[in-house]
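Peer 1: Shown below is the structure under consideration.
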Amino acid sequence: MTTPALLPLSGRRIPTLSPGASSFPHHRATLRLSEKFILLLILSAFITLCFGAFFFLPDNSKHKRFDLGLEDVLIPHIDSPKEGKGNQGERGRERPSERGTQSEEEESLRDKIRADHERALQEAKEKLRKSREELQAEIQTEKNKVMEDLKKKDAGPKPLPPVPMPKVVSVSDGEPPEPDAKEKRDKIREMMKHAWDSYRQYGWGHNELKPLAKKGHSTNIFGNSQLGATIVDALDTLYIMGLHEEFKDGQEWIDQNLDFGVNAEVSVFEVNIRFIGGLLAAYYLSGQEVFKLKAVQLAEKLLPAFNTPTGIPWAMVNLKSGVGRNWGWASAGSSILAEFGTLHMEFVHLTYLTGNPAYYQKVMHIRKLLAKMDRPNGLYPNYLNPRTGRWGQHHTSVGGLGDSFYEYLLKAWLMSDKTDTEARKTYDDAIEAIERHLIRKSNGGLTFIGEWKNGHLERKMGHLACFAGGMFALGADGSPDDKAGHYLQLGAEIAHTCHESYDRTVLKLGPEAFKFDSGLEAVAVRQNEKYYILRPEVIETYWYMWRFTHDPKYRQWGWEAAQAIDKYCRVSGGFSGVKDVYSSNPTYDDVQQSFFLAETLKYLYLLFSSDDLMPFESWVFNTEAHPLPVLHLGNITLPEDF
């Protein structure tokens with residue numbers, strides 16, 4: 001579950017400047033301009049001082065008195081607190097006994113002003129005597145000083161308080177006892193190595209990779225800057241797979257190059273789940289402080305997005321200016337449920353690590369606001385206006401625009417060691433309404449999750465909604481009214497339907513969306529719904545179902561998907577999405593998505609690993625498959641109302 005229903009638009013990239021580099025193309029011209037500017041500045045200062053001396057030095061022939069009484073200067077028409085009402089007429093008059101003192105003070109101030117002027121004039125003369133080389137050296141010194149000040153300003157927070165760390169995963173953890181599973185797991189690791197090495201060679205530092213063009217790629221969700229999204233997104237997968245040399249390369253790039261002080265407008269949701277989630281997971285797995293510090297630096301840049309009348313954050317924020325806005329296509333300027341509702345896990349951990357309650361308070365405010373609102377048929381619409389606090393278009397989906405909101409309600413409960421009962425109750429109520437209004441069985445017996453639009457059910461299910469099978473299984477334990485078996489079965493039915501959407505294509509890869517009407521079931525109808533962009537949601541559900549049932553069909557289905565990806569999406573420069581899964585000769589979209597390394601390959605690897613690798617008792621995965629540890633009661637350092 002990564003981006004909402006619409007695909008990110010391509011963003012125009014501009015080369016980023018290395019630290020200290022000039023933003024102008026002609027360096028010599030810049031120096032000449034700087035010298036002229038300094039000389040003009042010195043000359044103007046000299047003239048100003050001369051005129052200042054002429055006009056402002058006191059002249060006894062013209063000024064009978066130079067009253068320096070502090071009270072008269074600051075508050076000439078207001079009674080001193082120490083004076084009674086009867087003294088109001090005395091304000092501003094000289095008292096004979098004070099004239100001698102005032103005369104001495106006037107003379108002292110005149111001497112001070114003269115000394116200051118003489119010192120400034122002497123400095124100006126010295127500047128004018130200096131050679132061109134000396135002026136250039138002074139200019140460079142001033143530049144260096146400004147750069148150092150900026151570095152100190154952007155150096156991030158002070159060292160953060162130590163917190164208890166979970167058990168670090170060792171390289172040997174998770175090796176399956178079955179030789180067949182081990183062989184398949186090794187193949188998944190090889191696919192990860194190919195994806196990473198291709199990015200390392202052709203797209204290093206860019207957000208993503210164009211594997212056919214063999215160059216970097218970016219989209220508008222990351223702004224116009226090279227933030228190395230693939231590096232951050234892939235780190236924990238590399239670590240879990242034991243690819244530690246590659247992990248170190250990524251860590252070094254992050255330490256030296258990852259800069260959030262850029263003038264870039266980014267998606268709050270995407271940057272939270274990919275960057276903050278990825279950095280936090282890398283920190284918890286490796287213990288390297290740089291990841292924690294970078295996560296906190298970025299989180300501080302996201303906080304201005306919450307400066308709205310309701311506290312519902314904007315969809316986008318400029319990392320430099322803090323200015324936020326919403327997507328132009330969202331209903332009447334609304335924020336999106338799956339975006340502002342998918343911050344809780346990361347923000348709770350930020351408060352846990354920093355001791356700063358602001359992150360926790362922001363997400364709890366969102367939860368409390370939603371709890372007070374009316375919900376049509378118990379359903380949460382996908383759009384909410386951050387200015388008015390009113391719902392936008394009444395469109396409800398467990399796929400794009402809605403999906404991870406429900407996921408994070410359940411995972412907030414799990415991450416709290418099952419103490420956040422408010423989150424669990426909210427999840428249970430939401431799922432009950434979804435089951436009543438959105439979940440149906442097709443004529444062919446396939447269980448699917450439709451979309452509610454203005455009072456009508458659209459019998460269409462998106463690939464993104466296929467994550468819900470795993471969610472239902474994960475939330476089965478703890479369900480009300482002894483419904484654990486029911487929700488585990490519901491998860492299995494969703495997994496079966498999503499497998500059918502794969503199995504009914506030529507490539508054995510699932511389409512972006514598929515319908516259940518007009519005699520067609522689990523098949524895409526529109527051309528713009530037939531693409532596969534390396535999405536993970538179906539494989540994610542296979543993994544959860546495998547963990548809870550150990551039914552071998554889930555490994556079989558996962559291996560089918562892995563083989564299809566390797567056969568039809570692999571190219572010499574990495575892995576690419578395909579535009580039509582029903583064509584035997586598909587064209588490529590030429591994008592290796594960062595979530596392919598973060599999610600798809602990680603879930604495949606875990607599917608063929610033993611259960612002691614990332615056990616559910618200790619870890620909860622965010623919606624980008626970044627594992628965050630369960631916060632056990634004894635370790636919590638959150639605000640008192642946690």
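The backbone N, Cα and C atoms fix where each Cβ goes, glycine too.
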Peer 1: Can you sort out which of Cys466, Cys569 is the disulfide partner TrEMBL gives for Cys498?
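Peer 2: Disulfide mapping in TrEMBL sends Cys498 to Cys466.
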Peer 1: Tell me the Cα distance separating Asp403 (active site) from Glu537 (active site), rounded to the nearest angstrom.
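Peer 2: Answer for this pair: 11 Å between alpha carbons.
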Peer 1: Name, in the order they occur in the sequence, the residues of the same chain whose CB lies under 8 A from the CB of Cys498 (disulfide bond) and which sit 6 or more residues away.
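Peer 2: Cys498 (disulfide bond) has long-range Cβ partners His463, Cys466, Gly469, Gly510, Glu537, Val538, Thr541.
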Peer 1: Roughly how many angstrom lie between the C-alpha atoms of Glu512 (active site, proton donor) and Glu270 (active site, proton donor)?
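Peer 2: About 19 Å separate the Cα atoms of these two residues.
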Peer 1: Over all shown protein chains, what is the count of other CB atoms within 10 A of the CB belonging to Cys466 (disulfide bond)?
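Peer 2: Here the count is 32.
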Peer 1: Between the Cα atoms of Glu270 (active site, proton donor) and Asp403 (active site), what distance do you get, rounded to the nearest Å?
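Peer 2: That comes out at 14 Å between the alpha carbons.
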Peer 1: Which site among Asp403, Glu512, Glu537 has the most other CB atoms no more than 10 Å from its CB, taking these as active-site residues?
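Peer 2: The most densely surrounded of these active-site residues is Asp403.
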